[in-house]
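*Asks:* Pasting a structure here, questions to come.
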Amino acid sequence: MVKLSSRRRADLPQVTIHAAWIQADCSFIQHLRGTDGKRGRMRWMQTEMNGANQTVVTEFVLLGLHDHHDLEIVLFVLCLGIYSMNVLGNALLIGLNMLDPRLHTPMYFFLSNLALIDICGTSSVVPLMLVHFLETQTTISFPGCALQMYLTLALGSTECVLLATMACDRYVAICQPLRYSELMNWHTCMWMAALSWGAGFANSFLHSSLTWSLPFCGHNVINHFFCEILAVLKLACGDISLNALLLMAASAVLTLAPLLLIFLSYVFILTAILRVPSSAGRHKAFSTCSAHLSVVVIFYGTLSFMYFKPKTKDLNLDKLIALFYGVVTPSLNPIIYSLRNVEVKAATIALLRGDLLSRKMSRFSVVL
């Protein structure tokens, strides 16, 4: 162990730094500078605060898969294609919901919110990650990292609550069909969507504020594709016990509680479906919620595998799983809803024929 003084006066406390950390960081920086000067570019800003010399991190290095450049090229092509399909597919769902009056229902209103979350969530990570795959830049500024972490955490939390909201909508539609229009009116849907977005962004604001209030003393290499909160917390010099405690509490409230609500909703839904006498009626009732159930299984299945699987020494495997969760999973939602939903299929065909746009333009001309 090497003890380095963090202040000028000898009577002030000293900061203990492991020599192994220094050696590992220096060797890593030399490796990056030897292969590509841009990859290893790191800046520090020396400031004077209360007569003390402190090192302030102004940017972070996103490590990614720097040792596997060939794999990064393959991932660039795959992620670019999947990201394009994700944006186009989810934008199509939002456009269909706006153009087709038959889709002006609570289920498709919540689906449009889910599509918007998927577009924003992937757009906060994928474009910069694609740039890093091409090795033109591997750093991200301190404010950029803070914004990326805030958005990914906020949108992920919002999606958890929104999926539970969609399960409640399916419960009312199947178990209380005669009161559906009364219970799931426009005002109620707006409040439920606002609650989902508000809970997610408030949760992210809390964690982001606590995370960025911690000191970062110069160790700025993030061993990930993006600024994920757990990877960022590993770089902090201060005590992160409060952050870890609040992360566990937030996971219980915003991840496990919605999952429990979804589970209970589908228990009542399946019970109601089994009481339907005809097989055709049971099939019709189940088809209205099968797409949502598929999305829930994929979302929570990938999330559980990523965070609850046994720890391995291969960190690259964990990164690839996180990449699948962040890039591939959102692109599956429009495919699932388009394949399993008769209304979406009909609206897509009408859009391709030009019927939707002609109806919209005719109504617009009548209004004028």
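Any Cβ shown, glycine's included, is placed from N, Cα and C.
TrEMBL entries are annotated by machine, without manual review.
Keep in mind that this is a model prediction, so the values were computed, not measured.
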*Asks:* Look up transmembrane segment in TrEMBL and report which of 189-206, 225-242 it refers to.
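*Replies:* When 189-206, 225-242 are checked in TrEMBL, transmembrane segment belongs to 189-206.
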*Asks:* Who are the long-range neighbours of the transmembrane segment (146-168) in its own chain, taking Cβ under 8 Å and residues 6 or more past its ends?
*Replies:* 107, 110-111, 113-114, 117-118, 120-121, 124-125, 128, 140, 192-193, 195-197, 199-201, 203-205, 207-208, 211-212, 226-229, 232, 250, 254-255, 257-259, 261-262, 265-266, 292, 295-296, 299, 326
